[in-house]
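For A:12-37, A:78-99, A:106-131, A:137-155, A:162-184, A:204-229, A:236-260, A:266-288, the entry in TrEMBL reads transmembrane segment. Taken from TrEMBL, the feature domain 'ABC transmembrane type-1' applies to A:74-287.
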Amino acid sequence: MNKESKIDLLLFLLPPLVVLSIFVIYPIIGTVVLSFISKGTFSLSNYYEVLTESIPLKALILTKLEPTPPWGALIHNAVWILISVPAVVLLGMILAYVLRYVFGSSFVLGTVFLGMVLPGVVSGLVIRFMFDDSIGIFPRIFAVLGVPMLSKTWTIYPQTALLALILGSIWLWLGFSVTLYSAGLDSIPSSMIESALVDGASQWQIFAKIIVPQLRPVTTVVILMTVMWVLKIFDIVYVVTGGGPGGSSTVLAMIMYMYFASSLEYHKAAAVAVILALLTLIPAYWYIRIVLKGERE
Amino acid sequence: MSQTQNKLVIFAVVLALLALVLSLYSVITLQSLASRITDLSNSVAGLKSDIQALSQQIGKAVPTQPAPQQKVKLVVIGPWSGDEAKYFQAVIEAYQRTHPNVEIEYRTMRAEDVAATMPIQFAAGVAPGDVIFGWGWFIAKMGKEGHLVDLTSIIKQDEYVSGILDAVKADGKVWGAPFTMWLKPGFWYRKSFFQKYGLSEPKSYDEFVQLLEKIKSIQGVKNPIASGDGMGWPLSDIVEHFIIAYGGPQMQLNLISGKTRFTDPSVRRVFENYLVPLLQKKYFSEPIEWTTVIPKWWAGEYGLYFMGTWITGMVEDPNDLDFFPLPESKGVVGGADYAFVPKYSKNVDAAVDFLKFLATEGQGVHASVPSGKIPTWTKVPVSQLWKPMQSVYTKITQRGMAILPDLDDSIGGDWQKLFWDQLKLLWVNPGALDSVLKTLESAQPKP
């Protein structure tokens, strides 16, 4: 590479580096530095205090575990991941596969995808209505089935508030999953399925032995993106329950907001932000690895 | 990868590392610079207030600047929207009639959002508005930190309802101007509903329970009392009313100051003997968004609704409206909306002039429209109040009820949110009383 080319490259590299430094690197470093400052000195006390906080609306982990929430934001996020990831993967894959053979599938796909395009605040309101005892579909169904506990407004009871949010979020994120799986299904060569049919394979065998393995890269992406999305979730929690009742539906981002906007404790808010960022980095790292691997191939 | 590419990658990595180190350095430098600037501005603010205090001591109060003659634009930020904003607009228009050179733009922002977003903007030396409404505790805090214009010489303290300025005082200075006041006097009902079913206002707690039982037996009634929800404050208003009625006005004040703790047996008794039994018997509805429940209550799905005086401006026919407090109550929660002028306003003089109007004649204008508010400025005659509010005001004064500060608004901060959230829990799970009181006590400010 000659000298002129190097200068050209440097000129191209410099503007994005400057922009990244100002708007990404500086705030990140600023937040990390802020999280370690307590009473004017560098220490770990902000981390210690946010991790040991026991007030339900600010607790990351509640030591007194009971069968129903509140359990603390970290555990709520973990439960959320445990329920929503399998649901988003399974429902997304099945819906994408089944809808290929159903008349009017584009309308159903459009409805499912609606959750993805709605602003978080609007989605939150829709979730509120979905679980309201007078107009919500879920309480109505359980009223017909004769389950009194689930025929009430889910979002105001500590036993059901978190579950209502999780189910609502599954609807919101399903559009993303179905879209990715639909694209994945399109990429499977039809000759594979035709050969299997000629060999006498049933629809279930085709789905289990061909479709599912072929969709593995898509499944990995769906899992990682869902985990990252759940870790960062805030807007629907803020709108639907505000983390309550009794702190039974708090999440990490909500705790960060509480420290930042309610108690005006910016150093502790920064500490929670760093914890949240570190947790999000784990799936993000795997995601980037997969993307880079795909590019190399 | 070719050698040139390798070199380029190494070069990019070195550059990125350099950028990181530079960023770290600039973060630390900027923070130390910012703290020095804050120290300097605090010293200047201190000097200014010393000069002001000295001027007052020698009998020469700092004169307020007259409103400028040239065209000025003020941005006013307040919590009202919809009809409530319309009533506030009447105050703005009244001011503009005498100050045609002042253009006023009104923007809606809830007190929660003001408290959440302004501190950062103030720290950066900017303000999104010239006159801003906010919680009393927040104003006192911001004033103390040197972000607000000192209003001590603007507000004549003896012309206001006693104690109303306490919330916005800090370091012996007044940082906020009181606007009109709301009261949370008790349970509202439709006169026609009570007449139709032969119901009357209770004179004791037992009669109150009997009334609830009668309402419960009326066909079509879901619950005797509608419970408002939303951010959570409607439930806290009900609880405070029970505390004042059965713990006494002093208990309310002691809970605010932290002298009485939430786990105190006297506080527990109020909950256990009076409120929790009503929750257990489902006399209260589940929490429902407070504005959406109004038409349902008006249609007879609920008999009573505990709300502030602003409800008078939110119903179809305010003449069909009446209220009763819990019979044993000797106090009523009342509070004002407070406004302040940030130091960073570009039109401090015009803003202070408008604020002065809000704190005085403007209150008369606001109380004369269906805002459901009464003035905190004692110079406004009762006859100027909107008719339905005159009867409310008369009923409260006839009972000789003390006006007390709002418990959660006075404490503020994240305790307020915790209080609201724990009450939501209590409403659906009255059995959690002990845990609720313990949680509230653990975060309650110490005296």
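Note: Cβ is positioned from N, Cα and C throughout, glycine not excepted.
In terms of C-beta pairs under 8 Å, the stretch of A:12-37, A:162-184, A:236-260, A:266-288 lying closest in packing to the transmembrane segment (A:78-99) is A:162-184. At the 8 Å Cβ cutoff, the transmembrane segment (A:162-184) and the transmembrane segment (A:236-260) share at least 3 close pairs (sequence separation 6 or more) and count as touching. Among the stretches A:12-37, A:106-131, A:137-155, A:236-260, A:266-288, the one making the largest number of Cβ pairs under 8 Å with the transmembrane segment (A:204-229) is A:266-288. Here the listed stretches are A:12-37, A:137-155, A:266-288, and the one with the most C-beta pairs under 8 angstroms to the transmembrane segment (A:236-260) is A:266-288.
If you look at the transmembrane segment (A:106-131), the same-chain residues 6 or more away from its ends with a CB under 8 A from one of its CBs are 95, 99, 137-139, 153-155, 160, 164-165, 168, 171-176, 178-179, 182, 234-236, 238-240. Residues 28, 31-32, 34-35, 37-38, 46-47, 49-50, 60, 220-221, 223-225, 227-228, 231-232, 252-253, 255-257, 259-260 of the same chain lie 6 or more positions beyond the ends of the transmembrane segment (A:266-288) yet place their CB under 8 Å from a CB of it. Within the chain, the transmembrane segment (A:137-155) has long-range Cβ neighbours (under 8 A, six or more residues past its boundaries) at 127-128, 130-131, 161, 163-165, 167, 240-241.
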